[in-house]
2 protein chains.
Amino acid sequence: MSVTAAQGFLAAGIAAGIKENGNPDLALVVNSGPRLAAAGVFTSNRVKAAPVRWSEQVLKGGRVSAVILNSGGANACTGPLGFQDTHATAEKVAEVLDGHSAAEVAVASTGLIGVRLPMDKLLPGVEKAAAELTGHGGEKAAIAIKTTDSVHKTAQVTKDGWTVGGMAKGAGMLAPGLATMLAVLTTDADVPAEQLDAALRAATRATFDRVDSDGCMSTNDTVLLLASGASGVVPDQDAFAEAVREVCDDLARQLIGDAEGASKDIRIEVINAADEDDAVEVGRSIARNNLLKCAIHGEDPNWGRVLSAIGTTAAAFDPDRLNVAINDVWVCKNGSVGEDRELVDMRYREVRITADLAAGTESAVIWANDLTADYVHENSAYSS
Amino acid sequence: MSVTAAQGFLAAGIAAGIKENGNPDLALVVNSGPRLAAAGVFTSNRVKAAPVRWSEQVLKGGRVSAVILNSGGANACTGPLGFQDTHATAEKVAEVLDGHSAAEVAVASTGLIGVRLPMDKLLPGVEKAAAELTGHGGEKAAIAIKTTDSVHKTAQVTKDGWTVGGMAKGAGMLAPGLATMLAVLTTDADVPAEQLDAALRAATRATFDRVDSDGCMSTNDTVLLLASGASGVVPDQDAFAEAVREVCDDLARQLIGDAEGASKDIRIEVINAADEDDAVEVGRSIARNNLLKCAIHGEDPNWGRVLSAIGTTAAAFDPDRLNVAINDVWVCKNGSVGEDRELVDMRYREVRITADLAAGTESAVIWANDLTADYVHENSAYSS
């Protein structure tokens with residue numbers, strides 16, 4: 001599992017003292033080749049953390065030899081000095097790993113916004129992590145990037161002679177401080193950077209981008225895919241893209257399943273949309289409706305709130321032709337009362353909402369969570 | 001106060017039995033002229049309740065002789081039969097009020113979506129309300145349109161010989177069932193429909209439209225302005241528009257102050273925006289950020305969440321020039337750490353967030369509420 005499932009990768013996870021409670025907080029992933037191809041996708045938030053701005057530059061070269069990730073601080077909104085901290089971190093990694101260049105070291109950070117990282121602890125931590133690098137360090141690395149995650153998240157898909165593995169952190173896009181999601185995927189397949197990029201963008205678009213627990217967009221979101229080529233196998237591009245999608249999907253589902261304070265995982269499928277963009281827009285609008293999220297928490301099949309959310313979108317539909325099912329009971333037909341809402345059984349963690357726009361043939365699935373008093377408690381007391 | 005403060009209006013509020021608990025649930029407002037001019041603004045939700053679709057047609061004529069409003073049921077997503085119920089209600093009002101036409105009777109409903117109204121109770125209620133019409137019935141009418149409102153809401157502005165009064169219901173745009181806000185304003189000023197329309201649109205744009213407690217948009221929102229001309233005074237158009245704005249602002253503030261489950265009223269002022277649209281977009285993004293709303297609830301001046309919300313917008317700004325104050329302490333300067341966050345005193349109900357985009361000279365104010373466990377409780381148990 002994790003980032004060391006594929007050949008050609010070493011990893012470590014240690015406690016550098018960035019977190020005051022002494023928990024692991026620094027992870028290092030090293031690509032030992034022979035190939036150093038890489039691709040990355042980053043938050044679309046215009047307020048970007050220093051490590052995101054750094055890593056975006058690194059990834060433009062299509063080569064990453066190492067990734068250093070810290071929890072315990074997002075290094076976002078920290079100004080020019082925060083960017084210097086990121087730069088110094090990459091330089092330190094290049095220094096302790098013989099023969100590496102800082103320009104090929106990606107950096108990712110997660111934690112509270114607006115606080116400088118304790119570099120007096122982080123830089124010695126880099127040395128310690130480098131000393132502990134092993135071909136079985138993936139799980140420790142996954143543990144070291146946790147913030148409010150209750151469990152660490154790893155995934156793996158193995159095909160004919162090659163593997164895609166990965167780790168992620170994020171408490172369901174609900175992470176306090178908004179430094180939400182980091183993920184690193186590795187593969188020993190022999191794939192050039194352009195194909196990694198295509199596979200990663202297609203995969204994240206249909207997985208991480210469709211997880212929407214609270215509509216809040218992080219300053220730090222980072223997903224990286226590194227290829228070592230160590231298997232010597234050049235996979236079929238479609239098969240490779242599918243494997244990357246599977247690992248991303250697995251990790252994305254683990255994020256939703258571990259969402260802070262959530263008691264329900266909500267699968268929102270929009271069907272019969274005029275196009276995929278419409279389906280995604282409607283799915284997101286439903287996913288972000290606080291009143292509906294409260295109703296789901298209360299196990300109340302309140303389909304009126306689904307219709308009201310659909311009504312705020314610009315998607316193609318006729319209000320009098322909308323149909324909505326909750327857990328497969330079509331409680332709304334033709335924009336009005338449908339089957340008896342008493343038939344809806346909402347006792348289980350997974351709740352399925354199906355919105356039929358009756359406007360075409362496209363569809364999309366968005367995953368969300370309910371809104372709970374626990375969410376409020378966790379997120380009202382984080383930085384204090 | 002309320003809709004009978006202006007001359008030429010009668011009102012009543014009674015218990016028709018629509019609400020099972022026996023509380024008042026039916027209000028009637030009658031314009032006895034001599035003028036019957038009227039204007040209205042309605043929800044922009046594409047899923048519109050039957051009474052909204054009816055009243056939009058009525059208002060096209062610019063004349064309204066009576067408004068019938070019920071709580072206890074939104075009559076939204078009720079199909080053709082629901083629309084027939086609205087039509088029958090207007091016909092009943094015209095029948096019991098001698099000389100009225102149903103085509104000049106506006107209808108408004110509020111309550112749960114997706115449930116037919118009990119017409120066997122509502123229609124006899126119209127007769128009862130008509131029998132109780134008085135020139136002092138405004139407060140009773142305001143009480144009869146309450147749903148989860150803890151108090152009824154009325155307002156009044158009197159100028160040189162003429163008055164604008166009004167009533168509203170809505171628990172801060174947080175109302176369960178999404179049938180959120182109804183408001184009726186009346187004036188005895190002698191103003192034609194076109195000027196009423198201009199004044200009302202300008203007023204709602206800067207008041208009701210900038211109240212954003214939970215980002216949820218109702219299927220039933222309706223704001224009506226009726227003029228009787230009974231004062232005989234033709235006011236200056238600017239003075240009249242200002243009076244309408246003042247009444248709308250007063251009522252809008254009362255909605256925020258009575259928001260379900262809220263413990264804080266959040267005044268978000270966006271300054272130095274390139275244009276007003278940018279200011280409103282940024283203000284709304286901040287207003288709708290659940291993580292920030294939780295932080296405010298926890299009296300945590302978590303400015304990173306403000307920056308993250310700004311970063312999701314398309315407004316003109318440079319991330320490195322953003323400044324944010326919370327209760328007048330500039331905790332973020334130039335996109336980075338500013339004054340000591342410990343200086344921020346958040347013990348009081350009103351919290352002021354100032355976001356300086358450093359991109360121009362325009363500004364806007366949006367009012368919002370915090371997100372609380374009480375909000376979750378109220379909205380997870382409403383329709384069950």
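Any Cβ shown, glycine's included, is placed from N, Cα and C.
Of all the Cβ atoms in the protein chains shown, 25 others lie within 10 Å of the Cβ of B:Thr147 (substrate binding site). For B:Thr147, B:Lys169, B:Thr180, B:Glu260, B:Asn379, B:Ser384, the entry in TrEMBL reads substrate binding site.
The active site, nucleophile annotation in TrEMBL covers B:Thr180. In three-state terms derived from DSSP, B:Thr180 (substrate binding site) belongs to neither a helical nor a strand segment and is classed as coil.
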Intermolecular Cβ proximity, binding-site residues B:Lys169, B:Thr180, B:Asn379 versus chain A, under 8 Å:
B:Asn379
Hey, does DSSP put B:Lys169 (substrate binding site) in a helix, a strand, or just coil?
strand
Where does B:Asn379 (substrate binding site) sit by DSSP, helix, strand or coil?
helix
